[in-house]
Amino acid sequence: MDHTALSLIELGAVFFALGVLGRLAGKIGMSPIPLYLLGGLAFGQGGLVPLPDIGGFTHLASEIGVVLLLLLLGLEYSAAELFTGLKRSWMAGLLDIVLNAAPGAAVALLLGWGPIGAIVMAGVTYISSSGIIAKVLGDLGRLGNRETPVVLSILVFEDLAMALYLPILTALLGGVSFFGGLEAVGISLLVITVVLVIALRYGRYVSAIVDSDDREVFLLKVLGAALLVAGLASAMQVSAAVGAFLLGIAVSGSTAHNATRLLEPLRDLFAAVFFVVFGLNTSPASIPPVLGWAVLLAVVTTLTKVATGWWAARRQGVGKLGRARAGAALVARGEFSIVIAGLAVSAGAVVGELAALATAYVLLMAVFGPITARVVEPLARGLQRRRGHGHEPATSSVS
Amino acid sequence: MNVEVTPLPGIGVRKDFATRNGRRIGVVTHRDGQIELIVSKSDDPDACLASLPLTADEAGALANLLGAPQLVAQLTEEHREVPGIITKQLPIKPNSPFDGRTLGDTAMRTRTGVSVVAVMRAGQVHPSPAPDFTFTAGDVLVAVGTSEGLEGALKILKNG
């Protein structure tokens, strides 16, 4: 068989297997991300069936996957929402950073991965998965709950923090000097500010440029613009992902809505490839040695996220059950933890175990997060009943 | 009534208010126009007992069930003494030429003698709309007039 035929067969097999895994995930009501990672581990070096012929395609496809992940994240928000979200949640957002970045950084330093490893792991444990969380909130019928805006505004804060964090990380991973790093941060801050101002004031013009009534033309223009902006951002050391995120924010209104609908299947496809490639590059044998650390991180960062949500919800006057729900909802980590680890690994600036730890951690958190969100309510009610017995009568209800 | 409007970034908007017995009732409007009816629990006012997805038609029907009959019944009652005067609901359909234009633009009273006494929008009643009141599709006008006049008014709203 020639090379093309072999590549097509392997690629087809991978996609088909992912489809089956995705269906399985849907059946048991969990995020497919951990299964994609497991799929990648199985296909990769040292796995069950190594696939050497699809490297060229999957490499580029996984890059596009990251661009699309961030572009659609940006499309979710309007600039005005970002600003109000930021105003509402900056204190909770800062607490979120401190509590949840610290465990990752601490473990990385303990394992001797140096300051860059610490910054990478800090990002991995910090960022919640807005994709998983938004879906879980919808599935559990909690969109009307009073604590839900608190959860969402923390997610908005995190996504904006990503827009600052990623360029800093890319600069550091590129091994630039301290002043070079400062310069990159300065440039990225400037670019982000300019884009936010453009998005707020002239968002409709940006939308008008990419908009079209013809689906085909629209798809090509949106995708083209995203890749162009991502590429240019990358050339300016601002990270391709952030470029795509900012473009997503600048596009607004019905254009954003249509673009989301059109790009969603593409994102799902390319993001799946991204997770698989990440798994491919991690040898399954490297996971058991770091599994203990992953479990420890999972336990600690579950508690710290719950604490963050609890505190933020209490500030908005939400009751105890609602606070517990807000905390538990934030636990899931997913796509962006892998994006961060993926950036670090592909830059070759960190040790291989970091990828293994990040994989194991996200495997745990992507599965554990939605479960926590589900079981927190019965659990909290049980606790409340036991503790409230005797000295604190339950609040009486009228109806 | 103090309706609280809360943005849900990435999802849509929540609009709700507290009833006299402390429950919250409202809607979550998704970005894509999907509407959910929400009712809070009695023992945990932060959480929702139900969040029912409704189609636009269903939401409209529910709004009418809740608001319109009450208002129309009241007006009909008031006009019962006056023979030949009828109260009727007139919709602004999505393709109406007055979607986005004002009550004054319709010249309703001059052309048909019909008075628009209230506009129902998104479950809320706006009484005695001024000539600069701007309509949007989905509004329901409560109009008072003769039966011919009301028929004419319906045609005007439909065809301009």
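Glycine too: its Cβ is placed from the backbone N, Cα and C atoms.
For A:18-372, the entry in TrEMBL reads domain 'Cation/H+ exchanger transmembrane'.
According to TrEMBL, the feature transmembrane segment maps to A:6-26 (among others).
What TrEMBL lists as transmembrane segment is A:33-51 (among others).
Sequence annotations record features per position, and here TrEMBL assigns transmembrane segment to A:57-78 (among others).
Residues or ranges marked as transmembrane segment by TrEMBL: A:90-110 (among others).
Taken from TrEMBL, the feature transmembrane segment covers A:116-138 (among others).
Here TrEMBL flags A:150-179 (among others) as transmembrane segment. If you look at the transmembrane segment (A:150-179), the same-chain residues 6 or more away from its ends with a CB under 8 A from one of its CBs are 73, 77, 81-82, 85-86, 88-90, 92-93, 96-97, 116, 119-120, 123, 126-128, 130, 133-134, 137, 185, 187-189, 192, 237-239, 241-242, 245-246, 308-309, 312-313, 316, 318, 326, 329-330, 336, 340, 343-344, 347, 349.
The transmembrane segment feature in TrEMBL is assigned to A:185-205 (among others).
The annotation transmembrane segment is assigned in TrEMBL to A:217-234 (among others).
Feature annotation from TrEMBL assigns transmembrane segment to A:293-313 (among others).
Panel annotation: around the transmembrane segment (A:334-352), residues 31, 33, 37, 62, 66, 69-70, 113, 116-117, 120, 123-125, 127, 129-132, 162, 165-166, 169-170, 172-175, 239, 241, 271, 274-275, 277-278, 281-283, 286, 358-359, 361-362, 365-366, 369 of the same chain, lying at least six beyond its termini, place a Cβ under 8 Å from a Cβ of the stretch. As annotated by TrEMBL, transmembrane segment applies to A:334-352 (among others).
The transmembrane segment annotation in TrEMBL covers A:358-376 (among others).
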Long-range Cβ neighbours of the transmembrane segment (A:116-138) (under 8 Å; 6 or more residues past either end): 31, 33, 73, 76, 96-97, 100-109, 148, 151-152, 154-155, 158-159, 161-162, 165, 168-169, 172-173, 297, 301, 305, 329-337, 340-341, 344, 349-351, 354, 357-358, 361-362, 365-366, 369-370, 373-374
Winner by Cβ pairs under 8 Å against the transmembrane segment (A:358-376), considering only A:6-26, A:90-110, A:217-234, A:293-313: A:293-313
Contact set, same chain, for the transmembrane segment (A:293-313): CB under 8 Å, 6 or more residues outside the stretch: 89, 92, 95-96, 99-100, 102-104, 107, 111, 125, 128, 147, 150-151, 154, 322-331, 333, 357, 360-361, 363-365, 368, 372
